[in-house]
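Here the structure is laid out as structure tokens; the discussion comes afterwards.
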Amino acid sequence: MSEFELPKDFGKLIESTYDQAFKSGDIVFNESTSEIIEDEETEIQFNLTLATGLAKKPTPEDSPEQIKRPKDFNPFLNPDPKLTVIANYANKFNILLNKFPITPNHILLTTKEFKSQNSPLSPEELIASLRILDGLEKSSTKNEKFFGFYNCGENSGASQPHKHLQFLRYPDNFTPFPNLLAAKDEAFIASANKEPLQDKNLPFAHFLLPLPKSKEKLYDEEYLALAFSSLLQRTLTILRDTESPVAYNVVITKKWLLLVPRSNAIYKNVLGINSAAYTGLILAKNEELYQLIKDVGPLEILKELGFASTADQPTDEYHY
Ligand code: B4P
């Protein structure tokens, strides 16, 4: 049995932990409203969410008196047992509930020991993520689809420095753009002969690989390490020629892996954008920001916080 095997009742375990933590007030659930809009030119879907309660959420800049805990409090080191779904997963991780969710059962994969959120994903972190996605989808009676995401580096939208990935459900009737792109090819590792997939209609650089359908290959550490590093090389090649620190978003599903280099975390100094936005889920914490997203258009915002697309460039033999 693999050390990454999850309990058969993984979904139920998440739900019961969530229900208890919610009842005891250890989860701060924020009500939200959502709508799906479509970009006129590309027909790409975006799910816009308005969650005004989040504006009151404590931030690392709040004073210790305000939030009644030490300034450098790390919620992922010795995590709260009431928020813990599985402690010591594969001897290296914890699977936790997000304390401030907008959708129920939002979970996090955190490293047991402190590791930096600026470090690339390890093969074990990729395998654990795929297992979690598999566990979530198998537990769903409604054929729901899930994604994992990792906000890496200063400009990526991360707020916690302790390494963590997050897992969310895609909204119903929503097609994220990478699904359409990944469906165009079989699984491959990017090489000097074949660049990762990039949608020409999108105005920001992004690198996507379809993942293998066979379970043996999908859960193969070496394969995943090569796939991730081939995307990271392209990401670092873009960042190499700029003044920007290393920052990128990772989105993973059971079907594909996506990396997006980031130039900035916040649009016009008001709207924070993380990995979820680069798979089409955009969050606003007040009405003005919600309207701003609609007025400017999600693609324009994503363009400004990323880098120019390289879809038209010929294959470059030297990446980073
Ligand atoms: P980070 O990678 O550091 O940053 P983030 O997702 O952008 O979250 P942030 O904290 O900045 O949240 P925001 O108000 O923008 O993730 C840190 C994670 O740890 C977060 O999930 C955070 O909530 C969680 N956390 C913090 N303290 C904790 C504690 N004591 N115990 C357990 N978990 C703790 O957004 C609020 C939430 O909405 C975030 O979770 C965010 O990922 C999620 N979200 C963003 N866009 C979304 C969208 N379009 N739809 C649905 N959810 C979305």
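Cβ from N, Cα, C; glycine included.
Model, not experiment: these values are computed from the prediction.
DSSP assigns H164 (active site, nucleophile) to a strand segment in the three-state reduction. Annotation comment: TrEMBL describes H164 as active site, nucleophile.
If you look up TrEMBL, you'll see 8-171 marked as domain 'Ap4A phosphorylase 1/2 N-terminal'.
Feature annotation from TrEMBL assigns domain 'ATP adenylyltransferase C-terminal' to 200-307.
The region 'Disordered' annotation in TrEMBL covers 55-74.
For H164 (active site, nucleophile), the same-chain residues lying six or more positions away in sequence with a CB closer than 8 A to its CB are F76, L108, L109, T110, T111, Q117, Y150.
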